[in-house]
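Here TrEMBL flags Asp267 as active site, proton donor/acceptor. Look at TrEMBL and you will find Glu116, His184, His205 tagged as Zn(2+) binding site. Taken from TrEMBL, the feature substrate binding site covers Ala127, Asn208, Ala209, Arg216, His245, Leu301, Ser302, Gly303. Residues annotated as domain 'Amidohydrolase-related' in TrEMBL: 35-373.
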Amino acid sequence: REDLWVRDGKILNPEKLFFEEKGSADVQLDCKDSIIAPGFIDVQINGGFGVDFSLATDDFKSGLDLVSQKILSHGVTSFCPTLVTSPPSVYHQILPQITVRNGGAHGAGILGAHLEGPFISKEKKGAHPEHCLRTFEAGAFQDLLDTYGSLDCVQIVTLAPEMRRSSEVIQELTKRGICVSLGHSVANLSQAEEAVQHGATFITHLFNAMLPFHHRDPGIVGLLTSDKIPAGRRVFYGMISDGIHTNPAALRIAHRAHPKGLVLVTDAIAGMGLAPGRHTLGQQVVEIDGLNTYIAGTKTLSGSVATMDTCVRHFQEATGCSAETALEAASLHPAQLLGIEHKKGTLDYDSDADFLMLDDSLYVQATYIAGQEVWRQDVSGM
């Protein structure tokens, strides 16, 4: 039940203000018993509201702007636009149009792109188009550079660590400050551990598009309790907590095994926020039926239409965890994963004043970026 002080877009330690500047607040806001929490960070979102980040269109930038604006109501204050496996021409067209930028009234901040594929396993391609998959056979890191064209605005790359020469690729990416995530893979545990030893720090949507847990070789899932993680390092893992992609029991198992690594992601696609029907995901057509999204004509799940605040509430309900734990999985943990926890994901002094007001059931009432209100629940109709 304390006050949060904000100045110049940052969270302020009021001690100096009181004692040295003898100042007080210019504007006071009664939060009426709301919970104040750090803004949510979505590190895996493929689109929403009819916009597909893997489609090279003339108005790509306005689509990106639309999504960044609309997700403010879900409590998302920064995100990584995610591209699924695509032909090189698509990366070459789209990546130069994604720029890292701060959030504001115009929308959530962009932290850099998440490139999911095309260096992934054919057996676990999920909703990714097989004809676009690639390997590191010839030039390893050079192949990756040629495929993407540029890594300037790239924050995360998801790849399958069992691929030949993946170790050198992981090292090169890590050297450039890019987060390497393991996913869409048939890797066994020792291949996954080796990838982590070379710098990988994340697992893309745990349980989905990987070998199921087996007691003799737990595969990538085994990283959650592995004793081969280098000292001082933490492996994070994404979970699509929408009640569809992972059974609540699986969510509970992961959370109990490694609570500090859990990162909630929406994996949302263009159909999020739209009526059921047919939409796209990169090169594929997907069909939305309630909360289920399938590759058209199949039962292959393809991303979700869940919003981040829904995922937070479902996670709390499924695990019975505290509100703080649920909120940190969508804010502190993704910030730690990306190494930006000194700026985002907390309400610590000097961090960016990106925060939410929520009611006790964790429904978002208002979203603030850099101390400015950018969205508020319209209560006039109630």
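Residue numbers in this text run from 1 along the chain shown.
Glycine residues also receive a Cβ, built from the backbone N, Cα and C atoms like all the rest.
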Quick one: largest C-alpha distance among Ala127, Asn208, Ala209, Arg216, His245, Leu301, Ser302, Gly303, binding substrate per the record, in angstrom? 30
Could you state the CA-to-CA distance between Asn208 (substrate binding site) and Asp267 (active site, proton donor/acceptor) to the nearest Å? 11
Using a 10 Å radius on the Cβ of Arg216 (substrate binding site), the other Cβ atoms enclosed count 6
Looking at the binding-site residues Ala127, Ala209, Leu301, which one has the fewest other Cβ atoms within 10 Å of its own Cβ? Leu301
Cα-Cα separation of Arg216 (substrate binding site) and Asp267 (active site, proton donor/acceptor), in Å? 30
Close recorded positions near Ser302 (substrate binding site), where close means Cα within 10 Å, chosen from Glu116, His184, Asp267: Asp267
Including all protein chains shown, what's the count of other C-beta atoms within 10 A of the C-beta of Asp267 (active site, proton donor/acceptor)? 29
Residues flanking the Zn(2+) site, with Cβ no more than 8 Å from the Cβ centroid of Glu116, His184, His205 and excluding those residues themselves: Gln44, Gly117, Ile120, Gly126, His128, Thr158, Ser181, Gly183, Thr204, Asn208, Ala209, Asp267
Across all chains shown, how many C-beta atoms besides its own are within 10 angstroms of the C-beta of Gly303 (substrate binding site)? 32
Under 8 Å between C-beta atoms and at least six apart in sequence, can you list the same-chain neighbours of Glu116 (Zn(2+) binding site), or say none if there are none? Gln44, Thr82, Leu83, Val84, Thr85, His128, Thr158, Gly183, His184, Thr204
Using a 10 Å cut-off on Cβ-Cβ distances across all protein chains shown, tell me which of the binding-site residues (His184, His205, His245) has the largest neighbour count. His184
Find, among the binding-site residues listed as Asn208, Ser302, the one whose Cβ has the highest number of other Cβ atoms within 10 Å in the structure shown. Ser302
